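Below you'll find the structure, written out as structure tokens, and then a few comments.
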Amino acid sequence: MSDKLHLVIVTGMSGAGKTVAIQSFEDLGYFTIDNMPPTLLPKFLELIRHSQDNNKIALVVDMRSRSFFSEIREVLDEIEGAEDLDFKVLFLDATDSELVARYKETRRSHPLAADGRVLDGIQLERELLAPLKNMSQNVIDTTELTPRNLRKVISEQFASQDNQPSFRIEVMSFGFKYGLPLDADLVFDVRFLPNPYYKLELRNLTGLDAPVFDYVMEHQESEEFYSHLLGLIEPILPGYQKEGKSVLTIAVGCTGGQHRSVAFAKRLADDLEKNWNVNRSHRDKDRRKETVNRS
């Protein structure tokens, strides 16, 4: 891990997408904090410097008074010359009409609208934030951006600072008899394949064991299906990554989640990890063994 701290200060107009932005940075592997008082930033950075957990930080700072701006300006001047710190200010903006529409949709009041008129609060906030916007290295206008598109823009601008992939694939096996995985994006059913359970010498093994893996894969229908499966999955992965999805969960299921699905999930993970960041898990692989031991 680099010794240099990478800090992104996220600010901008209320309703312009700061919540989506900070969630996007979290997906990119940043340590994130929402609504940090500017005066606490130097002390916070001092603590982070002594921590080995993460060298990438993104935090939201809201400017809601003239004193807040003077505070953040003093803090930025203080940290600007630090040799071990690379920091940027990301400013999120949108047109007044779009911000008004968003507030009406959520039925929330603007934090600076003392008389309840949203537009008055927006105009006051824009006046207070103008100097900070002018000194920001990154300005994103979210007027025409959906939350998904904003995530994509942030990923394109900031993911390059991260040496680790921002898109991860989770390949898992499971048993249909125990229920579908709630977090699965893609589910594939291999219950139509010959079942090793009916081979007594294989019954107590799993798809991770060579005899079971070989038995599952030696059948022509297994090879044909796997070829189609890999051919389906590989072309769509760049699309999921392009859309800003941080984790894609691919689940392969058989009856009990011990033999066929485990073998297929293992082979799929082995092939995908040649080009992608892949984690693997086998939810129900040992469930039958645990049930037998309890009985």
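Cβ coordinates come from backbone N, Cα and C, glycine included.
Since we're looking at a predicted model, the values are computed, not measured.
Taken straight from Swiss-Prot:
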BINDING   G12, M13, S14, G15, A16, G17, K18, T19  ATP binding site
BINDING   D62, M63, R64, S65  GTP binding site
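Cβ neighbour count within 10 Å across all protein chains ranks G12 highest among the binding-site residues G12, G15, G17.
Taken residue by residue with DSSP, G15 (ATP binding site) is part of neither helix nor strand, so it is coil.
Counting other Cβ atoms within 10 Å of each Cβ, the binding-site residues M13, A16, D62 show the lowest value at D62. In sequence order, G12, M13, S14 are the binding-site residues from G12, M13, S14, G15 with a C-alpha within 10 Å of the C-alpha of D62 (GTP binding site).
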